[in-house]
Structure formats: C-alpha cells, structure tokens
C-alpha cells in the first residue's frame, strides 16, 4: 500500500469538494469516486465532474440506481415524498435518509482503494452539523473501518477531517484553502437539484433541509468575520 494515495467519496457538494482540496495538498495522488443512486439531485454528478476537471483530479462514477428498488428515501427520483418529514421505515430519521447508503459507499470505496493501492480513503461526513443521519457519526465510521479491514486483511484508514466541523467552519476551511469561490459557485447541495438561483451561500432552492443547513452555516461564517 502507498501512503501517498487517497481515494475520496466525492459528490460535488460543499463537504466533499473542501475535502478533495484538503487531500490534494496532503497526498501525492488523489482519486475521486462518485455514486449514482438515482438521486433527485443528480445534477450533483455533473457538478462533481466539472469540479474534478477544475481540480485536475481523476473522477469516476459507480452506478447504484438499484437502491431505489430496495429501500425508501425522499431523495430518489421516483419518490413523491416531500422533504422535511419522517422516514417511512424509521420515524426517528428524516425521510431524506437513504438506509445503509454510507455503508455501501464506504464498502465500495474500500474495495476501490485496494485496487489502486491506496492506504487511505477520505469522507466528508460530519456529526457536528448534519442532517440527522446516523451513518455520518464517528462511532459508525470507526466501526465500519474496523469491520472492512478485518474482512479484507487490510489496514486502510478512513479519514474524516470534517467530522467535528460545522458548516460555518467548513466555509472558513474552504477560504483558508483558497477555494471559497469554487465552493460557493460550483458545488451542489440542494436536494431539489436547483441550479438557476445563486444565493450568497451557493445555488439552491433555499427551502430544502440541505439548503437551509448550508444557508445557516454561511450566515454564521459571515457573522464570525465581523
């Protein structure tokens, strides 16, 4: 395994784009991997491709559209569920949650890391300022890292440098990395796939949970500068 290689789960959003720039400054080679799981906001894949080109990093998409056939989420293209309600399978979770999505992403990324000889994979997950998804928490990440390494006789590290950063701190991190303008104008967060309306914090409908979280973070980021 090469310490200089890192594989990243890359959606083209604020978190994973900031993460990609962070990794590019620390590793000799960085590979970006996106996942097409029949999400409503599939425009994020187009944004991811453009950002990967701007960062001059290799990027490939793994198709996972079968997920729509085996579980529920308001994020799926064919779902008529309105955002902001409880999940059909678990009332304690938001209906934007895709059951086991991160477990699947991480497992595939772990396999990909073995293929390219990477000893690190990186995720843009955070438990400090998140949408209520249990698979974004540190205890889950540590558990799946342990399980996957046991099951493959490897010692691949899962890096989560954003784990304890809120959205305001992520905007500050992007600024410190010199990519704040890129994050605002090129990344995509909106669950509705809105790319026509540019707000101070970026493109989006301004109403969905993802937009609200990003807006709140940007306003706090701006407030901290005063």
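Using the three backbone atoms N, Cα and C, a Cβ is placed for every residue, glycine included.
Taken from Swiss-Prot, the feature ATP binding site applies to 10, 11, 12, 13, 14, 15, 16, 17, 18, 19, 20, supported by sequence analysis. What Swiss-Prot records for 190, 205, 208, 211 is Zn(2+) binding site, and it gives sequence analysis as the kind of evidence.
What surrounds the Zn(2+) site, by Cβ distance within 8 Å of the Cβ centroid and not counting 190, 205, 208, 211, is the set 189, 191, 192, 194, 204, 206, 207, 209, 210, 212 from the same chain. Residue 14 (ATP binding site) is 11 Å away from residue 190 (Zn(2+) binding site) when you measure Cα to Cα.
The Cβ of residue 205 (Zn(2+) binding site) lies under 8 Å from the Cβ of 190, 191, 192, 194, 197, 211, each of which sits 6+ residues away along the same chain. Note on residue 14 (ATP binding site): other Cβ atoms within 10 Å of its Cβ, all shown chains, come to 26.
Taking only the Cα positions, the spacing between residue 10 (ATP binding site) and residue 208 (Zn(2+) binding site) is 21 angstrom. The two recorded residues, residue 20 (ATP binding site) and residue 208 (Zn(2+) binding site), show a Cα separation of 25 Å. Between the CA atoms of residue 18 (ATP binding site) and residue 208 (Zn(2+) binding site) there is a gap of 22 Å.
The ATP site, placed at the center of the C-beta atoms of 10, 11, 12, 13, 14, 15, 16, 17, 18, 19, 20, has further neighbours from the same chain whose C-beta lies within 8 angstroms: 48, 51, 124, 187. Taking the Cβ of residue 16 (ATP binding site) as reference, residues of its chain lying under 8 Å away and at least six apart in sequence are, in sequence order, 8, 9, 10, 48, 124.
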